[in-house]
Amino acid sequence: MAAQRRVAALTRQLTSAPAELEGFDPVPAVSDVVGETDTAFDPRKLYEFITRDNIQLRDAAMEFMQDDLYKPNYYQGLMDFREQTLQRLQKFVDQRYFQTMDYLKNPRKFMAGLEVLALCDYSLAIKAGVHFTLCGGTICKLGTAKHHEKYLPGLDSLELPGCFGMTELGHGSNVLGIETQAVFDKDTGEFVIHTPTDTASKFWIGGSAQHGKIWFEHVRIPRDALLNRFADVAADGTYSSPFPTVGQRFGVTVGGLTTGRMLIAGGGIDASKIGVCIAIAYACQRPQFGSRYIMEYLTHQRRLVPALATCYAMHFTLCALKDIAFSPKPDAKAVHVLSSGLKAAATWNRTDFDVDTTFEGDNTVLMQQVAKALLESAAKSKSKPQQPALGPGQALTPASIQQLLQFRQDALVAQIGGEMQQASQAAASTGGKAAAAAANSAFDANLDLVVALGWAHMEARSHQIFQDEVAQAPQQLQAPLRSLALLFGLSRVERNAAFYLSQNALSRPHFQAVRLFVNETLSRLSSNGGETLLRLCAGFGIPDHLIQAPIAFDWRCIGRDL
Ligand SMILES: Cc1cc2nc3c(=O)[nH]c(=O)nc-3n(C[C@H](O)[C@H](O)[C@H](O)COP(=O)(O)OP(=O)(O)OC[C@H]3O[C@@H](n4cnc5c(N)ncnc54)[C@H](O)[C@@H]3O)c2cc1C
């Protein structure tokens with residue numbers, strides 16, 4: 001019966017759309033909202049607009065990767081593959097596009113050099129990331145001049161291959177729980193590093209795979225080896241740190257991981273860009289059922305064009321994150337929240353690569369960090385969610401879409417925060433600790449909503465950033481980018497239809513209008529043989545030799561060389 005009712009409702013919807021919208025202002029023409037799309041915009045101008053920094057370095061490194069060593073070879077065994085990845089890293093390092101110290105001195109250059117690798121070979125990108133960021137960046141940030149002089153030249157040349165041993169068999173996400181011991185021996189001036197239990201063995205350590213787990217059996221290292229920028233141990237064993245609490249010391253120590261998290265977010269975004277470029281190039285030249293190209297089918301447009309919009313939205317979010325992180329006085333909390341949320345959103349968006357969703361912070365745990373920060377600031381401001389007051393047709397402007405996305409975030413904050421507050425008040429009579437524990441339990445009981453809140457925040461934030469970028473774009477690029485920004489926002493509204501309808505934030509005619517508007521936008525962007533879409537893809541600036549998929553080119557030749 002339920003199925004029959006649904007079929008009847010869908011039939012009504014398909015046959016009576018104009019009547020549904022009666023009394024509702026006409027759906028605005030897409031051209032009224034986004035302007036006329038100029039299909040002749042120059043993709044190189046788009047690339048330069050979205051790339052911002054180190055364009056020469058990126059171009060040179062991408063050109064360098066035409067070298068035969070970087071051509072894909074899908075038929076080798078694991079050990080050969082590892083050896084090849086090392087050789088690829090060595091040859092790349094020899095080009096000296098950047099130095100390890102750029103991690104501190106010129107972080108945009110440091111990131112640009114590593115970002116290019118993700119376009120060519122993701123295993124290479126991760127190996128380089130572990131070496132330069134986790135190991136090198138940690139020495140740069142937590143070490144002092146003596147460590148820089150001793151280790152950085154070897155890291156720059158790869159004579160000293162680096163790894164980073166934080167995770168233990170028993171302790172992954174809970175980094176504060178690690179068990180490895182470093183006991184200072186005053187008599188010899190050494191630290192004694194020891195693995196007290198099996199669960200304390202270092203595990204998953206990139207760059208050490210050839211030797212398996214790592215154990216320390218009372219290994220002695222000199223006091224000088226301690227990376228002592230933020231905490232030190234004097235010869236008499238006295239511990240000192242300018243940061244008084246464990247939480248602050250932990251924060252500043254693991255804060256160095258942010259660059260790695262940003263690179264992983266960038267890797268997820270770049271991989272999605274490559275996937276979308278391949279799929280759109282193929283769809284624009286693959287006819288099926290006569291002479292109609294598959295890009296002309298609405299279902300195919302719905303598959304690929306919002307995905308293209310998402311790539312741009314996330315790319316611009318990463319640009320905004322770099323602006324905050326590399327400003328003269330970065331707001332550490334703002335950087336932590338945005339890097340955590342973007343890393344999770346960007347790597348979950350690329351669902352074919354599990355490890356990205358796990359390392360440098362498990363995505364579920366990272367989204368909790370985002371939600372916690374939002375709940376904390378909402379508790380301070382005591383603001384209430386603003387129900388969008390949308391008039392007919394109004395759900396379709398950039399501002400009203402932003403209002404809808406923001407409302408979802410605020411409503412989730414109010415729901416989770418309300419339950420935590422209630423639980424805390426109920427337990428308050430038994431003391432402050434009990435009240436805090438009750439609030440934490442309420443948080444845990446709502447973890448599904450907590451992760452949804454992380455997503456809602458990232459969607460609202462990315463949409464706002466995207467709109468701001470559109471406003472700053474050269475005139476010629478504004479209309480195509482504005483279409484994509486609208487699609488990004490509206491696809492998120494459509495995806496959360498149940499929420500908006502249940503909250504009375506959108507009416508049924510609004511929803512019909514959204515659907516028609518999205519379809520019209522897709523059709524406009526995909527017209528003319530997909531010319532606009534192809535230029536938007538070319539705007540990512542990925543050269544043909546790094547698009548390693550025959551179907552992106554002349555698919556009719558596939559199989560000829562097999
Ligand atoms: C290929 C690879 C390379 C790596 N390289 C390195 C490296 O070089 N150096 C290094 O130090 N580490 C490295 N790691 C380790 C990585 O950082 C950890 O895997 C990561 O921190 C997660 O820890 P875990 O695997 O113990 O999972 P766990 O923390 O046990 O998590 C397992 C699952 O439980 C869920 N979970 C855990 N806690 C919570 C919670 N509070 N709320 C809700 N759900 C929760 C998670 O979402 C996850 O799905 C690497 C990992 C991999 C897979």
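The first residue you see is number 1, and the count goes up from there.
Even glycines carry a Cβ here, placed using N, Cα and C.
Automatic prediction, not curation, is the source of TrEMBL annotations.
Here TrEMBL flags Glu360 as active site, proton acceptor. When Cβ atoms from all protein chains are considered, those within 10 Å of Glu360 (active site, proton acceptor) total 24, not counting its own.
DSSP classifies Thr167 (FAD binding site) as coil under the three-state reduction. For Thr167 (FAD binding site), the same-chain residues lying six or more positions away in sequence with a CB closer than 8 A to its CB are Val175, Lys202, Phe203, Trp204, Ile205. The FAD binding site feature in TrEMBL is assigned to Thr167, Gly206.
Residues or ranges marked as domain 'Acyl-CoA oxidase C-alpha1' by TrEMBL: 255-351.
The domain 'Acyl-CoA oxidase C-terminal' annotation in TrEMBL covers 434-552.
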Spatial separation of Glu360 (active site, proton acceptor) from Gly206 (FAD binding site) - C-alpha basis, Å: 12
For the domain 'Acyl-CoA oxidase C-alpha1' (255-351), the number of residues DSSP places in helix, strand and coil: 78 helix, 2 strand, 17 coil
Composition by DSSP (helix, strand, coil) of residues within the domain 'Acyl-CoA oxidase C-terminal' (434-552): 102 helix, 0 strand, 17 coil
